[in-house]
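J.: TrEMBL lists these features:
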type	residues	note
COMPBIAS	1-10	compositional bias 'Low complexity'
REGION	1-24	region 'Disordered'
DOMAIN	29-90	domain 'SH3'
DOMAIN	102-191	domain 'SH2'
BINDING	K242	ATP binding site
Amino acid sequence: MPAHTLTLSHTHTHTHSDINSSLSEASWPSGTECVAKYNFQGSTEQDLPFCKGDLLTIIGVTKDPNWYKAKNSVGREGMIPANYVQKREGVKSGGKLSLMPWFHGKITREQAERLLYPPETGLFLARESTNYPGDYTLCVSCDGKVEHYRIIYHDGKLSIDEEEYFDNLMQLVEHYTKDADGLCTRLIKPKLMEGTVAAQDEFSRSGWAMNRKDLKLIQTIGKGEFGDVMVGDYRGTKVAVKCIKHDATAQAFLAEASVMTQLRHTNLVQLLGVIVEERGSLFIVTEYMAKGSLVDYLRSRGRTVLGGECLLKFSLDVCEAMEYLEANNFVHRDLAARNVLVSDDNIAKVSDFGLTKEASSTQDTAKLPVKWTSPEALREKKFSTKSDVWSYGVLLWEIYSFGRVPYPRIPLKEVVPRVEKGYKMEAPDGCPAAVYDLMKQCWTLDPAGRPSFRLLREKLQHIRAKELHL
Ligand code: AMP
């Protein structure tokens, strides 16, 4: 990519003794993740060459603030120029991210005209039509006045001129951004709705946007509720890609992706990057978990293959991820064996952050998985780390019963009333008493009486040490 390859003239003579352990305030601390903005060939032995898009981790500062010591993804270390890389940050404005920040919903013609003032040819927004409910209106500033184009909705397609049809507003906007095609001007600058941030801009700013050209989609490996999960190749690395064809649901996935930018733990499925296409497709790229979901893994291998040590290891893996979420004030809300994936080297990692929110928010209870959700969350939408602890108890039960569906032989509608009266599942066959005891503690009706993930992790480690006769 010669257009992006900057040549840097430098006369640095850095040595290991340059690595300064006292960090200045402006510098990036050790462990900071960066993405390369340009190719860097390096000119001395000590330099670490990289290509645009590579992920690098800072491991030390030097006396020269323009250079860092860094490590690449295969562990090679060397010096890198600070201005060639961009720091990766967590996206904090998840709720405000939008694929259509120029869509202002139900506003009137007059409000639209006020928003497009002062005039600027090509400034545009879209709104719901007030005169024709169900249709939309595209409002464009042109030579000092605002034109309002009716977008008709017919047979699932959108059109302004009834010649060109689009599946959604984003495709329509993309088309008229390239070419006026009969409008007074092409669309040049979106008028953003107050309080929204263009998703693409935010992922680019924070260093999480990936280049579509670097991603090859290979084959479908799973069907999620809202789109396919595919295995792909991103610059030589096997990756999993959640492909969300745009519609209203993509918004929820933006929130999932933004939560994932803030989390990093060996036992959480790691986000690698996000691609927001102009036509509205969203790709969420994560590490590839070769052995699929934990529930399928347990069912297919069963008791004959999986020993107690292995079950305990899965329980600990998940518990460690949850301890990390607990410490960082994130509530998962949908913890279950189907949402835990297993890597090639048998590490269990928690995934599906679709419902994960920073602690103390509420949500719609209609779609909740009844058998995994704590009574207070079902009843009063009270989600907390303690409701995750309840679900973790159910997940432990799933692990020790090799993927059975919880509350066997109890009709679904009887589960909640019985649980509320204090009913607890029996220990799965062969489950160690100490592990069953933890399950029961997780199912304490009073959330305050449940153990923390930290305590659960300590107890599980203790059980493991005993089993291994350490
Ligand atoms: P989800 O929509 O996240 O529930 O994913 C649906 C299915 O796709 C899962 O049950 C897995 O079988 C598969 N899947 C999802 N994410 C990954 C991943 N990172 N690696 C491998 N398979 C995955």
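Yeah, the Cβs are placed from backbone N, Cα and C, and that goes for glycine too.
The shown structure was predicted, so the numbers you read here are calculated from the model rather than taken from an experiment.
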J.: Sort the residues of the domain 'SH2' (102-191) into helix, strand and coil with DSSP and give the three counts.
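T.: Looking at the domain 'SH2' (102-191) with DSSP, the answer is 17 helix, 30 strand, 43 coil.
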J.: For K242 (ATP binding site), what is the tally of other C-beta atoms lying within 10 angstroms of its C-beta?
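T.: Within a 10 Å radius of the Cβ of K242 (ATP binding site) lie 23 other Cβ atoms.
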J.: Average the pLDDT scores across the domain 'SH2' (102-191) and report the rounded value.
T.: 95
J.: Where DSSP helix means H, G or I and strand means E or B, what are the helix, strand and coil counts for the domain 'SH3' (29-90)?
T.: 3 helix, 27 strand, 32 coil
